[in-house]
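As annotated by Swiss-Prot, Zn(2+) 1 binding site applies to Cys538, Cys541, Cys563, Cys566. According to Swiss-Prot, the feature Zn(2+) 2 binding site maps to Cys555, Cys558, Cys580, Cys583, an assignment based on sequence analysis. Per Swiss-Prot, compositional bias 'Acidic residues' is recorded for 126-136. The domain 'DH' annotation in Swiss-Prot covers 157-341. Annotation comment: Swiss-Prot describes 370-469 as domain 'PH 1', evidence class sequence analysis. What Swiss-Prot records for 616-715 is domain 'PH 2', and it gives sequence analysis as the kind of evidence. Among the features that Swiss-Prot reports, phosphoserine is placed at Ser128.
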Amino acid sequence: MESGGGSSTPPGPIAALGMPDSGPGSSSLGKLQALPVGPRAHCGDPGSLAAAGDGSLDTGSTGELSGSLKIPNRDSGIDSPSSSVAGENFPCEEGLEAGPSPTVLGAHPEMALDSQVPKVTPREEADSDVGEEPDSENTPQKADKDAGLAQHSGPQKLLHIAQELLHTEETYVKRLHLLDQVFCTRLTDAGIPPEVIMGIFSNISSIHRFHGQFLLPELKTRITEEWDTNPRLGDILQKLAPFLKMYGEYVKNFDRAVGLVSTWTQRSPLFKDVVHSIQKQEVCGNLTLQHHMLEPVQRVPRYELLLKDYLKRLPQDAPDQKDAERSLELISTAANHSNAAIRKVEKMHKLLEVYEQLGGEEDIANPANELIKEGQIQKLSAKNGTPQDRHLFLFNSMILYCVPKLRLMGQKFSVREKMDISGLQVQDIVKPNTAHTFIITGRKRSLELQTRTEEEKKEWIQIIQATIEKHKQNSETFKAFGGAFSQDEDPSLSPDMPITSTSPVEPVVTTEGGSGAAGLEPRKLSSKTRRDKEKQSCKSCGETFNSITKRRHHCKLCGVVICGKCSEFKAENSRQSRVCRECFLTQPVAPESPSPEAPAKPRRSTEKTPTADPQPSLLCGPLRLSESGETWSEVWAAIPMSDPQVLHLQGGSQDGWLPRTIPLPSCKLSVPDPEERLDSGHVWKLQWAKQSWYLSASSAELQQRWLETLSTAARGDTAQDSPGALQPQVPTGAAAP
C-alpha cells in the first residue's frame, strides 16, 4: 500500500477484517482470496504479523482514509466489521505471538479458503482496479465458494427454527403450569364450585400433561442432544400431532369461560381476591387470567406457521420431508377443528342476539339454525302501495318477517310472519312506478318487498334463491328410502315394494296386493303435516275452510284434506274412521255386517315411519327418541361419511318432526342413572347447551356402538382416525346397523 508516496505492506489481513484499503489500487478479488477463514486459518501467519506490526492505516495523497469498503460474509448472515479508526484492535490482533488461534468468523470447514495471504507488489496494485471484472480463471472458484455458503445456510436456518420451536414450547408449558397448577388449584382450594372451575379451565389439565410430559421432553432431547446426528422434527410432530385435536373442546368453551371469569369476579369477593393475588405475582408478568387463558387458543396456529417455515427451508430430498408434510397436514386439521369450533360459537352467539332482539317470540336458539342474512327492507302495502319499514331475518330453514318496535332497550322487533324455506319462491318484478321490488311467495301469503338500490335487491334475491336450493339438496338426504325402516317395523311389507315420493321431505309408500285392516289395503300412507294444515280449501268440493263451520279433516286412507260433508263415517271397534268419498266408494272402510266370530285382523299402521338416509354413513339405523324421557318417537339416525361430525335425525310425519341436524363436537354424552327409570330399553343422553335428547337402542351392543361413534365425534375426532373405525354403512333393504 502507499502512504504519502510510498512503501507497501501486505493488505491481506486488513482487507479480511474490513479495514480501509488503499483506494483504487486494491483488488476486490484479492481481498476475497485473503479472507482468513477455514479450520487452518489463524492470525499468526506472516501477513498477519506484518499487518499487526504496522499500527498506522494507509491513506491516500490527502492524508485521509481512501475508502471503507465493507466485505459481507454473503449467505452466512454475518457481516464483517465496517471501517474503523486508526489503532482499533480486533480479536485476531491480540495475542499474535501465541500461535494458531480459532478463526475470527468461526466458519464451517466446508467454507475454508486459502489461508495463505498473497504478496501484492506495488506494480500489481497499480495495475489492479476495483471496478474491473474478475479474472476468468478465478470465476469458477468464486462460484464454488458461494455454493458452499448457500449449502451451509440451509441447515443453520433449520436449526434456528427448531430452537425457536423449543424456546416457545418451554414458555408455553410455563403458561399452562400457571393455569393448571396455580390458578385452577388455588381456586379449587378456596372452595369455588367444581362446575365453575370446569367451566373456566375446561380440559386444561389434559393439555398441560400432554405438552409437559410428552411433546416438550421429546423436542428438548432431539434439538439439544440428537440434532447433530438426527436433524429431524417431522417424526416427533407426526406422532404427537393427532393429540392436538383436544384443543377443540377448549376453544369451544373459551367464550363461556371468559364470561364466567368476569361474572364471578364481579359477584364473588373470594374469587376476585384469589385471582388478583395470583396476578400480582412475578410469574404472571402483570397479565390477567383472561390473557393467559387465550394462549392455548393461539398455540395450534403457531405450530402450523412454524412447520410451514420449516418445510420451506427443508430440501426436497431430505429424509424428514414426508414426515414433516404429514405433520403439517395433521396440525392443519387440528387448527381447522379449532377454527370450526370458533365459528360455531360465533354463530350461536349471533342466534342468541337475534333471539333477544325478538323478545323470545321465536325459539331460534337451535344448533341446526344458521343466520344467513338480515337487514332492513320495505314492504309495499297491498291496499295502496305505501312502503312500510320492515326487517327480514333469513335463516337456513325459514324467513322471519318482522316489524320494528320503537324501544331503546329490550325487544327491537316483533315477528309478523314466519315463512318456511321449504316451498318458498322468490321472484324479481318490474313495476313502472316502483323500483327495486321483488316478491317472496310462501304457502300462506306473499310479500311484495322493496330495497333501496338495485344491487341490494339482486343480493337479496340471490341469497334467498341459494338458500332455497341448498335446503332442497339437504332435504333430498331424507327422501324415499322408507323400505329399510318400515320393513323392520312391519315384516308383511314386500322387499320389492315400489317407493314414490310426493315431496322432497316426506315420501309416500305405495303397496301392491296384500291385505289391510278389515280386508282393506290402503293405497297410500296418510300423514297430517303442516302443509295439509295450511291448505285453504277442500280437495273434493273446493269450499274454503274456516275454524267454525268448515273444519279440516284428513282421509284415513289417502291422507287428503277434506271437509266434514265430503267424508263418510263407519264405526270400527268403537272408533270412527273418516275417509273421503273416493276411498269409501272404491274400498269401504269395514264390512256392513261384520261377523262376530270373525277374528279381527291386525290393522296396518297408516302413519309414515322415518326414512333411511341413502348416503354412506359411519353408523345409521332406527332409534327411539324423547326430549323428556316420557314420550318416545321412532326416528332414523345417521352419521354421514361426508360430514362425520353431525347427527341427522329423521322422524315420522305423525310426530310433526322436521329433519334435525345436531353438531356432535359441541355435545355431551352420558348414560342415565337407573334411578331415572326410563322405560325404553338401552338409553343414553345427548346434550347440547340447554337442550337434551334421550336416545334408545334395541340392544346393549347397538347402544355401545352408537356411544363409541358419538363419543369420537364429540371429541372433535373422526371415526376414520380412531383405531377400529366403523366401516361405512349404506342402508339397503331392512339392514339394521
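Just so you know, glycine gets a Cβ as well, placed from its N, Cα and C.
Cys555 (Zn(2+) 2 binding site) carries neither a helix nor a strand DSSP state and counts as coil. Of all the binding-site residues listed here (Cys555, Cys580, Cys583), Cys580 has the Cα closest to the Cα of Cys541 (Zn(2+) 1 binding site). A simple Cβ count within 10 Å picks out one of the binding-site residues Cys538, Cys541, Cys555, Cys558 as the most packed, and that one is Cys555. Note: the Cα of Cys538 (Zn(2+) 1 binding site) and the Cα of Cys555 (Zn(2+) 2 binding site) are spaced 11 Å from each other.
Non-local neighbourhood of Cys580 (Zn(2+) 2 binding site): Lys539, Ser540, Cys555, Leu557, Cys558, Val560, Ile562, Cys566, Ser567, each in the same chain, at least six residues away, with C-beta under 8 Å from its C-beta.
Here the C-alpha separation of Cys583 (Zn(2+) 2 binding site) and Cys563 (Zn(2+) 1 binding site) works out to 14 Å. Take the CB of Cys563 (Zn(2+) 1 binding site) and look out to 10 A: across all protein chains shown you find 21 other CB atoms. A Cβ within 8 Å of the Cβ centre of Cys538, Cys541, Cys563, Cys566, the residues given for Zn(2+) 1, is found for these other residues of the same chain: Ser537, Lys539, Ser540, Gly542, Glu543, Lys550, Ile562, Gly564, Lys565, Ser567. Remark: secondary structure over the domain 'PH 2' (616-715) totals 24 helix, 45 strand, 31 coil, with classes taken from DSSP. According to DSSP, Cys583 (Zn(2+) 2 binding site) is assigned to a helical segment. Cys583 (Zn(2+) 2 binding site) is surrounded by 23 other CB atoms, counting those within 10 A of its CB over all protein chains shown.
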